[in-house]
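Input: a single structure, listed below in structure tokens.
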Amino acid sequence: MKIVKISPRGYCYGVVDAMVIARNAALDTSLPRPIYILGMIVHNKHVTDAFEEDGIITLDGPSRLDILDKIDSGTVIFTAHGVSPEVKQRAKEKGLTTIDATCPDVTKTHDLIEAKKAEGYHVIYIGKKNHPEPEGAVGIAPDIVHLIERADDLKTLEIPTDKILVTNQTTMSQWDVQHLMEDIQKKFPTAEFHKEICLATQVRQEAVAKQADVADLTIVVGDPKSNNSNRLAQVSQEIAGTKAYRVADVSEIKLEWLQGVENVAVTAGASTPTPITKEVIAFLEQYDPMNPATWERVRKVPLQKILPRVKVKKEQ
């Protein structure tokens with residue numbers, strides 16, 4: 001069986017930066033304890049499990065404000081997905097120490113929304129409902145930001161001005177965003193468009209679109225909560241025309257997927273640890289459908305190998 005290792009794949013700079021920020025926090029003895037992450041620092045359970053070994057507690061809930069209600073003291077890390085001004089204010093009121101690990105691409109979208117609100121615009125924001133990134137973006141200006149996920153959401157959308165900006169969640173499928181923007185243009189012809197698919201998401205989607213078409217099957221390594229990982233599987237099926245499955249790690253691969261398959265493409269979401277992806281590739285490279293000794297699918301990557309290394313600061 002031939003393995004097509006789609007490139008680029010895996011970690012983006014925003015994810016690595018967020019994890020380094022959190023690791024440095026774990027090593028900083030001057031920070032008030034306990035240290036919490038407000039939601040998953042990135043959408044990957046292997047990463048959050050590894051941070052728990054570092055002594056950092058991940059709390060999750062229906063919204064960032066709901067999670068904050070569970071915290072009365074210590075340090076709070078805001079995730080790469082960004083948070084609303086209300087969340088920052090609530091943390092300040094509670095006397096919590098805060099560390100912001102928001103991805104710079106997300107911050108850029110927040111700044112854009114603030115600027116357009118000051119100019120009297122309303123904003124149509126294309127994103128996934130119940131995902132933390134849209135929650136933070138809508139929270140920048142909830143009175144003028146309208147979240148839509150699909151074309152049906154446009155049917156009941158009414159905006160009391162011709163000054164409309166359209167932007168989006170950074171990890172959406174660029175093809176889905178383009179189609180929705182075309183629909184929005186028809187209903188709101190005066191709308192201005194500012195596509196905010198981050199470069200890492202864009203190039204990974206384009207790589208799948210161009211490289212997965214030679215494969216019989218695509219395996220996307222990524223957490224079920226990872227929107228960008230789920231979108232890679234979608235791109236493989238809808239753009240490259242190749243059946244795709246998303247797996248959290250090697251243990252989720254089903255042997256029946258591989259029956260009659262000669263070429264398997266492998267990619268990974270932007271929040272997927274590299275050792276987890278390498279383990280999937282290693283399994284596929286040694287797999288022999290005629291040899292049961294090659295069928296074992298057990299994740300063996302230790303949590304200590306999941307997080308990026310950071311330098312321990314020496315005391316002066």
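Note: Cβ is positioned from N, Cα and C throughout, glycine not excepted.
Swiss-Prot has this to say about the protein:
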type: BINDING; residues: CYS12, CYS103, CYS198; note: [4Fe-4S] cluster binding site
type: BINDING; residues: HIS43, HIS81, HIS131, SER226, ASN228, SER271; note: isopentenyl diphosphate binding site
type: BINDING; residues: HIS43, HIS81, HIS131, SER226, ASN228, SER271; note: dimethylallyl diphosphate binding site
type: BINDING; residues: HIS43, HIS81, HIS131, THR170, SER226, ASN228, SER271; note: (2E)-4-hydroxy-3-methylbut-2-enyl diphosphate binding site
type: ACT_SITE; residues: GLU133; note: active site, proton donor
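Structural mapping of features recorded in Swiss-Prot.
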residue	record	Cβ contacts under 8 Å, 6 or more apart
CYS12	[4Fe-4S] cluster binding site	CYS198, ALA200, THR201, ALA270
HIS81	isopentenyl diphosphate binding site	GLY39, THR102, CYS103, VAL106, HIS131, PRO132, GLU133, GLU135, GLY136
THR170	(2E)-4-hydroxy-3-methylbut-2-enyl diphosphate binding site	CYS103, ASP105, VAL106, THR109, GLU133, GLU196, ILE197, CYS198, THR201
SER226	isopentenyl diphosphate binding site	VAL42, HIS43, ASN44, GLY269, ALA270, SER271, THR272
ASN228	isopentenyl diphosphate binding site	THR171, THR201, ARG204, GLY222, GLY269, ALA270, SER271
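Neighbour density for HIS131 (isopentenyl diphosphate binding site): within 10 A of its CB lie 19 other CB atoms from the protein chains shown. Residues VAL42, ALA80, GLU133, THR171, LYS225, ASN227, SER229, GLY269, ALA270 surround the recorded (2E)-4-hydroxy-3-methylbut-2-enyl diphosphate site, their Cβ atoms falling within 8 Å of the Cβ centroid of HIS43, HIS81, HIS131, THR170, SER226, ASN228, SER271, which are themselves excluded. Of all the Cβ atoms in the protein chains shown, 25 others lie within 10 Å of the Cβ of CYS103 ([4Fe-4S] cluster binding site).
Under DSSP, ASN228 (isopentenyl diphosphate binding site) is assigned to a helix (H, G or I) in the three-state scheme. Compute the center of the Cβ atoms of CYS12, CYS103, CYS198, which mark the site for [4Fe-4S] cluster; besides them, the chain residues with Cβ within 8 Å of that center are TYR13, GLY14, VAL15, ALA80, PRO104, ASP105, VAL106, THR170, THR171, LEU199, ALA200, THR201, ALA270.
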